[in-house]
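As recorded in TrEMBL, the features of this protein are as follows:
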DOMAIN    A:2-222  domain 'Glutamine amidotransferase type-2'
ACT_SITE  A:CYS2  active site, nucleophile
BINDING   A:CYS238, A:CYS384, A:CYS435, A:CYS438  [4Fe-4S] cluster binding site
BINDING   A:SER285, A:ASP347, A:ASP348  Mg(2+) binding site
There are 4 protein chains.
Amino acid sequence: MCGIVGIVDAGGVSFPLYYALYALQHRGQESAGISTFEGTTLYTHKAQGLVAEVFDRHTLEGLRGNAGIGHVRYPTTGSKVPENVQPFNFRYRGLDLSIAHNGNLVNTAEMREEYERRGQIFCTSADTEIIGNIIAEALRTSKSMEDAVRLCMRRLRGSYATVALLNDTVYAFRDPLGIKPLCIGKFDHGYIVASESVAIDALDGTLIRDVRPGELVRIDENGLSSVQIATANRRAHCIFEYIYFARADSVIDGTLVYDVRRRIGQGLYDAAPVEGDIVCPVPDSGTAYAAGYAERSGVPFVEGLMKNRYMGRTFIMPTQQQRERAVRIKLNTVRGNLKDKRVVLVDDSIVRGTTSRRIVKMIREAGASEIHLRVGSPPIISPCYLGVDMPTRAELIASGKEVEAVRESIGATSLTYVPLKDLVEAIGCDERNLCTGCLTGCYPVDINGEKCYHCVVDYVAGTHQADLSTFRTGKQRT
Amino acid sequence: MCGIVGIVDAGGVSFPLYYALYALQHRGQESAGISTFEGTTLYTHKAQGLVAEVFDRHTLEGLRGNAGIGHVRYPTTGSKVPENVQPFNFRYRGLDLSIAHNGNLVNTAEMREEYERRGQIFCTSADTEIIGNIIAEALRTSKSMEDAVRLCMRRLRGSYATVALLNDTVYAFRDPLGIKPLCIGKFDHGYIVASESVAIDALDGTLIRDVRPGELVRIDENGLSSVQIATANRRAHCIFEYIYFARADSVIDGTLVYDVRRRIGQGLYDAAPVEGDIVCPVPDSGTAYAAGYAERSGVPFVEGLMKNRYMGRTFIMPTQQQRERAVRIKLNTVRGNLKDKRVVLVDDSIVRGTTSRRIVKMIREAGASEIHLRVGSPPIISPCYLGVDMPTRAELIASGKEVEAVRESIGATSLTYVPLKDLVEAIGCDERNLCTGCLTGCYPVDINGEKCYHCVVDYVAGTHQADLSTFRTGKQRT
Amino acid sequence: MCGIVGIVDAGGVSFPLYYALYALQHRGQESAGISTFEGTTLYTHKAQGLVAEVFDRHTLEGLRGNAGIGHVRYPTTGSKVPENVQPFNFRYRGLDLSIAHNGNLVNTAEMREEYERRGQIFCTSADTEIIGNIIAEALRTSKSMEDAVRLCMRRLRGSYATVALLNDTVYAFRDPLGIKPLCIGKFDHGYIVASESVAIDALDGTLIRDVRPGELVRIDENGLSSVQIATANRRAHCIFEYIYFARADSVIDGTLVYDVRRRIGQGLYDAAPVEGDIVCPVPDSGTAYAAGYAERSGVPFVEGLMKNRYMGRTFIMPTQQQRERAVRIKLNTVRGNLKDKRVVLVDDSIVRGTTSRRIVKMIREAGASEIHLRVGSPPIISPCYLGVDMPTRAELIASGKEVEAVRESIGATSLTYVPLKDLVEAIGCDERNLCTGCLTGCYPVDINGEKCYHCVVDYVAGTHQADLSTFRTGKQRT
Amino acid sequence: MCGIVGIVDAGGVSFPLYYALYALQHRGQESAGISTFEGTTLYTHKAQGLVAEVFDRHTLEGLRGNAGIGHVRYPTTGSKVPENVQPFNFRYRGLDLSIAHNGNLVNTAEMREEYERRGQIFCTSADTEIIGNIIAEALRTSKSMEDAVRLCMRRLRGSYATVALLNDTVYAFRDPLGIKPLCIGKFDHGYIVASESVAIDALDGTLIRDVRPGELVRIDENGLSSVQIATANRRAHCIFEYIYFARADSVIDGTLVYDVRRRIGQGLYDAAPVEGDIVCPVPDSGTAYAAGYAERSGVPFVEGLMKNRYMGRTFIMPTQQQRERAVRIKLNTVRGNLKDKRVVLVDDSIVRGTTSRRIVKMIREAGASEIHLRVGSPPIISPCYLGVDMPTRAELIASGKEVEAVRESIGATSLTYVPLKDLVEAIGCDERNLCTGCLTGCYPVDINGEKCYHCVVDYVAGTHQADLSTFRTGKQRT
């Protein structure tokens with residue numbers, strides 16, 4: 001999971017990109033980077049660390065120009081090397097291209113194999129480099145980014161929300177199923193595309209709409225234009241963005257994430273009403289769900305767990321006891337709120353179950369008489385191949401287990417997951433337009449050894465038909 | 001405002017002190033320090049920065065011994081010099097004394113004047129050095145810390161919760177009015193005193209009770225003992241600890257802070273019921289109040305403001321617009337939750353009014369139709385001289401202004417403060433046992449130019465009567 | 001200019017590589033990196049900064065295995081991006097390849113053009129990526145690194161001393177002209193290749209010999225073997241390594257660099273004897289030359305300039321006066337040694353002339369009556385295209401100027417350069433085996449717009465003939 | 001050992017103080033600090049670290065005013081706590097006093113005891129705090145710094161070169177024996193006092209003269225004036241400043257340190273001529289000595305040891321072998337210069353002998369046939385109590401040992417120390433005006449358990465007579 005942003009603005013872009021990345025920091029804390037362009041020069045500054053650590057006034061002032069892109073990267077094991085820090089810059093036949101990307105490709109191995117057969121070498125382990133190769137392949141015979149992105153969409157399988165800077169023009173495109181989010185905003189003197197609308201809010205811009213699945217958006221000093229490169233007969237928006245990943249104040253495809261979570265919370269009460277004294281969220285991700293539950297049930301919303309807001313990077317402790325303690329000081333129980341109470345504990349999801357088990361234990365030790373765990377998602381039973389850093393089936397507590405077995409393992413008095421139907425209803429879109437792979441084990445794209453929605457093949461045909469669209473001139477600045 | 005802790009434990013104290021300071025980090029982010037003692041050596045490590053930055057495994061391993069104290073310091077203007085970083089170490093006639101202190105003395109000038117007349121010089125601008133001088137004065141004629149602390153209590157005017165390490169013994173005492181909090185906890189093999197009970201929780205200890213106003217607690221390898229040095233005919237617990245400063249999961253004088261805030265929130269509805277669509281807290285300090293309000297009113301608790309959890313230290317921005325933007329990315333409005341809504345906005349207090357004004361403006365721009373601001377404290381009309389970093393009367397928005405004028409200045413549809421009576425009732429103790437200086441302009445100690453509760457003089461006499469108490473042997477470890 | 005090292009040692013290589021890089025730090029301060037291999041995993045740690053900043057005990061302990069390579073990088077303008085930090089890792093058809101390289105290719109543009117025509121994209125601006133491409137091209141049809149390096153030598157034009165780690169085997173090769181240095185050393189349980197012999201000294205190893213121009217060396221757990229890939233009818237060792245770049249305690253091609261410089265210093269006296277009171281080196285690079293001059297002339301060696309040994313990174317000063325001062329505190333005159341003295345000032349070379357002019361001015365202001373500048377190299381009149389970071393002709397003070405004009409510009413009483421003949425003699429090898437491009441404007445490889453030694457074409461033919469050599473088994477460890 | 005500086009200059013002092021401290025960095029690397037004064041405010045910035053690390057442009061711009069003092073501190077064991085970082089600020093009866101000090105008092109214990117009996121407590125372990133106490137004692141009855149410094153000189157026993165900032169006036173004084181150096185310089189618009197003249201050079205100022213032993217110098221916006229507070233019948237300049245501590249380019253009491261060392265080197269040849277092939281300095285401290293030896297003997301000056309110029313802070317190595325290696329990479333032998341050579345190895349002094357032993361071993365392993373160690377000081381047989389960080393007698397290799405035994409322990413072919421007589425002659429002042437405690441075991445001040453020059457008592461009487469001097473007006477600026 002990563003966060004991306006692209007801005008063209010007459011007043012310079014490095015500071016706006018910096019603020020936008022700050023607002024997207026929850027999507028990745030491993031590294032941050034910005035590329036901008038002015039005159040004939042591509043400027044890039046990127047490094048490992050948080051946005052606030054990577055950039056200072058001096059480096060931002062050096063990132064000149066009115067067009068640029070930015071990226072924050074999520075830490076995934078084994079890939080913490082400097083060359084994986086995005087944006088990636090490619091030089092190809094006199095063109096300076098900078099790319100940043102959120103998502104995960106599933107045909108990487110074949111693609112690499114194919115390019116390597118031709119003699120291509122890969123400098124990194126990142127998907128972004130494959131995207132760069134396809135763009136280069138297209139540009140060998142055509143000068144058009146439209147052709148290049150068309151080739152990408154034909155050849156790439158998986159999720160990819162991408163921004164690219166080609167000289168002073170920002171391009172943005174999203175895979176034909178729209179798996180990862182990407183939206184468009186407007187300023188007085190420019191446009192922005194970003195993973196989430198909070199980046200637009202941070203700059204006081206106006207959210208226009210989402211980038212459409214299969215659409216290519218182009219922003220330059222003349223404004224914004226777009227072409228539909230591919231259309232599929234269904235969409236596959238990542239359901240986990242709504243459940244956990246996106247910020248609650250983000251609006252995805254016209255829907256406020258907070259509202260989804262609150263409605264799920266309401267539905268959790270309807271699905272399994274229980275007598276409780278307090279509704280207690282697991283901070284911070286369970287709060288909106290708990291608010292919804294409290295609202296519907298009339299049971300008071302009361303915090304029973306407090307997060308330490310000052311956790312910095314801490315060193316590795318010498319003993320096991322100290323390592324456990326280090327975990328403990330991050331989360332404290334509010335004993336007075338829990339003692340002798342029937343607690344309805346609300347969380348967004350259960351992945352491995354280790355955190356839930358620890359929290360249930362803490363609350364029980366604080367004196368709660370009953371702990372009714374209510375979960376804002378159905379059981380997670382399958383891995384994600386499309387961009388969310390999730391464990392294997394063996395590590396997923398709900399994989400191949402009945403709910404009762406999960407409850408027992410976690411130690412809760414009762415356990416209720418939200419039914420998929422209710423979750424989809426809360427999101428407010430057709431289930432066939434959502435990727436529910438982690439909940440159903442059936443994926444929108446063909447993955448070796450996994451079930452696949454059979455309809456997926458259609459989108460390639462759709463792509464061809466969409467090729468006739470032409471660039472429409474964007475809103476002009478005066 | 002600062003945080004202090006003292007621990008004696010048979011298993012070593014540097015790591016426990018570190019975790020305790022972590023739990024108290026909200027009480028001060030400017031600097032952190034730990035002193036310990038083993039054999040004949042006092043070990044100290046302290047520096048400017050957060051707890052996580054000041055210490056690492058190597059420095060903690062070097063802080064040897066089974067007795068020690070720690071301190072986190074709140075940033076106050078003009079005092080960011082290394083010599084003000086606590087604990088302070090004093091060497092006096094072969095004794096190694098390390099002191100850490102939370103509070104503020106109001107007779108500093110006279111005390112300094114007096115000591116300077118005798119030739120004493122001061123190395124720092126900190127009150128702690130004056131405490132050291134008084135202890136030294138007492139120790140000239142007596143070897144007893146009891147005598148030294150008795151002299152402190154006679155001579156110091158103001159608030160002081162203090163921990164001291166004299167060789168391998170930890171002492172802790174609290175001013176006779178008990179202005180600043182200090183509590184006692186127990187482990188399997190040791191004892192702890194700390195500003196707040198969350199430090200005890202972080203170490204899995206058991207909260208025993210608060211240190212009594214005017215009490216001196218002594219902890220060594222034989223256990224804990226105590227002597228009552230002074231008694232006053234009333235107490236003056238800082239009311240602002242309940243309102244804002246203490247962590248909600250702390251228990252002060254037997255009362256859970258969260259519970260106080262939640263009851264105030266309930267009372268806010270009773271005091272000024274209003275038709276609202278949502279109850280929205282100002283994060284994070286307004287959350288418990290808002291939960292109480294929602295519970296009593298039946299209006300749903302819904303977050304309308306989101307805090308960016310990844311704000312690091314940021315540099316000074318070159319332009320005013322960018323500085324404003326830097327503030328903005330810390331807090332975002334959840335437009336979908338606010339648009340066309342009648343919002344009951346709940347905060348803990350209003351100091352200068354600038355933050356409230358900005359937040360009301362943001363919520364209005366997000367489309368709220370009405371904004372009813374409910375405040376968990378009465379108007380703050382006077383400065384604090386006793387340890388809370390508060391501005392002068394000229395800067396306090398409510399000082400000399402009617403509530404209606406404050407409302408208009410802030411731009412809210414309606415504004416209600418909690419009445420002092422209700423606040424006191426929520427805290428559950430007699431008003432005469434609280435310091436309400438910032439709310440009433442009448443202080444528990446004599447401050448030049450300010451009104452004073454006339455009863456205060458009594459506590460000095462009380463001190464004398466209490467001198468008869470003797471040390472009681474603490475619980476023995478086996 | 002960069003420094004490279006490769007080690008195979010039965011006792012682990014990360015700490016030895018670290019020390020070796022420390023010894024090579026003078027060859028590059030911009031970044032540092034190490035790759036090692038164990039089992040099936042390539043481990044890499046690299047970052048911008050000095051060796052001491054990039055690595056700590058924790059990172060070194062994570063670099064597992066008995067084979068590895070390392071690199072330090074010289075700062076060149078416009079290339080300070082994380083992806084240029086070496087070693088570079090390439091993944092190609094199941095092989096993990098890590099490469100580090102010292103030198104500069106002159107046919108980069110053509111090579112890039114050719115690969116880009118085929119669709120290859122480039123992630124970096126570094127030559128190393130081109131080397132990776134050629135290796136990949138060869139490995140498409142052959143599994144042999146020998147074939148891959150043969151292709152490199154046919155296709156690459158310029159200087160390249162290269163180390164590569166392919167699984168647990170270290171390869172090292174040097175361009176057929178041997179422009180950049182590379183030598184071989186031996187430990188009790190392993191072998192090392194490094195840019196300079198000081199890296200071998202730092203590890204208490206034994207210098208065996210230099211890697212021969214056009215030779216490929218292979219080190220694995222069975223020992224060292226080698227094959228001659230190409231031979232040229234002449235060599236082109238960089239003369240500037242002897243003059244300035246290499247450490248004085250390094251041995252290159254059997255010759256101690258200190259000895260070369262000392263003999264040049266002796267020759268400087270013979271070439272232009274002058275009556276002087278003291279021989280004063282420009283520290284630190286002029287010291288060996290000055291020692292030689294003093295020895296031959298009998299004029300005492302006395303330091304007239306003192307370098308501040310504690311210069312850290314300093315910030316940009318706000319005013320011009322302060323910027324000049326910042327330069328000044330790095331170098332101070334020893335007035336008492338200079339006043340009324342006839343000073344023979346000895347430096348290794350003059351590039352732009354700005355430093356020499358400043359130093360002459362300082363010495364004159366210190367009261368010297370005469371300043372006879374003696375320079376350990378002939379006039380530098382042409383740029384370097386083969387790895388030394390040198391300015392353009394327009395910036396070179398001696399380019400197109402008579403010596404007398406240079407003297408006048410610098411302000412010295414007299415100025416003598418060492419004649420090329422004497423310099424070559426001091427190095428002790430045939431002039432046709434040295435690259436003297438910066439001194440003569442005639443280069444050993446074909447560079448657009450520059451003169452070239454006509455004999456150069458031979459080395460390609462030589463390469464073919466050398467192909468017949470076979471791998472010889474290295475010394476076995478017992 | 002520390003470095004101090006005080007500047008009054010019409011153009012502001014923070015940047016000049018910064019540069020001066022840079023030039024004095026060799027006198028202390030543990031911490032750095034600057035105090036300045038403007039209007040009614042004392043500004044201080046100080047922290048642990050090198051000058052380049054402690055200050056940046058922002059902090060220097062905040063140090064306002066035309067008068068200030070600075071300090072660099074030498075690391076001594078057990079005292080690395082923030083409160084020992086100088087300058088020290090004292091507040092006393094409305095006065096802001098900042099003090100920085102180089103030296104060591106020997107009657108600290110009595111002084112502390114005396115002040116503690118009166119009730120004074122000490123915040124630090126630094127002598128500077130005692131000086132502050134004496135000044136405060138004097139200022140109780142007099143407003144005159146002259147009286148305060150007179151009291152200091154009567155009461156303090158030991159070495160003290162001190163700068164003090166009292167509002168906008170800089171005071172500087174030196175103990176009556178002049179143990180530690182302190183000199184005066186002039187700029188166009190101001191004056192400077194500094195530990196060494198290199199600080200004046202760094203600012204392009206003119207060295208006027210040394211501060212006289214027992215003299216008080218006063219600098220304010222009207223210029224410089226002075227009063228002689230005390231005179232002794234002899235001086236006791238630290239001989240170790242000439243031998244090792246001062247920079248070679250410094251001028252102390254009119255004598256260039258480099259010149260002293262060079263003359264000692266010449267004398268070393270005269271004292272013990274030996275047939276040698278090369279004269280090799282131990283870098284960097286032996287260079288000037290070796291140059292003198294080479295000059296007199298005609299044996300060529302050739303470096304046989306190379307120091308790594310890029311040693312940064314390195315971490316603690318996990319194994320003994322690696323720790324040894326870490327030492328080794330700091331110093332490398334130039335084997336080609338040493339092999340089969342009779343080496344005259346020249347160093348400034350031998351303290352513990354461990355470094356000399358290691359170096360002799362390295363040179364022998366490099367193939368030297370003979371190693372004649374020549375030392376620029378007599379044997380160090382006694383500790384220093386007056387400011388040089390030296391070990392106890394038990395650790396001093398020459399204490400209680402014949403030269404032959406030292407030679408054997410170190411492993412040299414021959415060993416010659418410079419006779420004290422020759423050393424004194426090279427310095428060019430009467431032996432009775434030098435402190436030779438570490439070489440003779442006889443000290444200029446009374447130290448418990450040590451022999452003392454009996455003449456020392458006189459200086460107190462001399463002080464009284466000098467009290468009649470009055471302030472003489474300094475050179476006025478126009």
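The backbone N, Cα and C atoms fix where each Cβ goes, glycine too.
What TrEMBL says about a protein is an automatic prediction, not a curated fact.
What you see is a predicted model, and the numbers here were worked out from it, not measured in a lab.
Features recorded in TrEMBL, as mapped to the structure shown.
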residue  : record                        : Cβ neighbours (10 Å)
A:CYS2   : active site, nucleophile      : 24
A:CYS238 : [4Fe-4S] cluster binding site : 28
A:SER285 : Mg(2+) binding site           : 18
A:ASP347 : Mg(2+) binding site           : 22
A:ASP348 : Mg(2+) binding site           : 25
A:CYS384 : [4Fe-4S] cluster binding site : 19
A:CYS435 : [4Fe-4S] cluster binding site : 28
A:CYS438 : [4Fe-4S] cluster binding site : 26
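In the three-state DSSP reading, A:CYS384 ([4Fe-4S] cluster binding site) counts as coil. Compute the center of the Cβ atoms of A:SER285, A:ASP347, A:ASP348, which mark the site for Mg(2+); besides them, the chain residues with Cβ within 8 Å of that center are A:ILE243, A:TYR244, A:PRO281, A:VAL282, A:GLY286, A:TYR289, A:VAL346, A:SER349, A:VAL375, A:GLY376. Each residue contributes its Cα atom, and for A:CYS2 (active site, nucleophile) and A:CYS384 ([4Fe-4S] cluster binding site) these two points are 15 Å apart. Per Cα geometry, A:ASP348 is the residue among the binding-site residues A:SER285, A:ASP347, A:ASP348 nearest to A:CYS438 ([4Fe-4S] cluster binding site). Here A:CYS238 ([4Fe-4S] cluster binding site) is positioned 15 angstrom away from A:ASP348 (Mg(2+) binding site), judged by their C-alpha atoms. If you measure from the Cα atom of A:CYS384 ([4Fe-4S] cluster binding site) to that of A:ASP347 (Mg(2+) binding site), you get 20 Å. In three-state terms derived from DSSP, A:CYS438 ([4Fe-4S] cluster binding site) belongs to a helical segment. If you take the Cα of A:CYS435 ([4Fe-4S] cluster binding site) and the Cα of A:SER285 (Mg(2+) binding site), they are about 21 angstrom apart, rounded to a whole number.
Note on the domain 'Glutamine amidotransferase type-2' (A:2-222): mean pLDDT across this stretch is 91. A:ASP347 (Mg(2+) binding site) and A:CYS238 ([4Fe-4S] cluster binding site) have their C-alpha atoms 19 Å apart, to the nearest angstrom. Same-chain neighbours of the [4Fe-4S] cluster site beyond A:CYS238, A:CYS384, A:CYS435, A:CYS438, judged by a C-beta within 8 angstroms of the site's C-beta center, are, in sequence order, A:ILE179, A:ILE239, A:PHE240, A:LEU386, A:GLY387, A:VAL388, A:THR436, A:GLY437. In the three-state DSSP classification, A:CYS2 (active site, nucleophile) falls within a strand. With respect to their backbone Cα atoms, A:SER285 (Mg(2+) binding site) and A:CYS238 ([4Fe-4S] cluster binding site) stand 17 Å from each other. Under DSSP, A:ASP347 (Mg(2+) binding site) is assigned to a strand (E or B) in the three-state scheme.
Look at A:SER285 (Mg(2+) binding site): DSSP puts it in coil.
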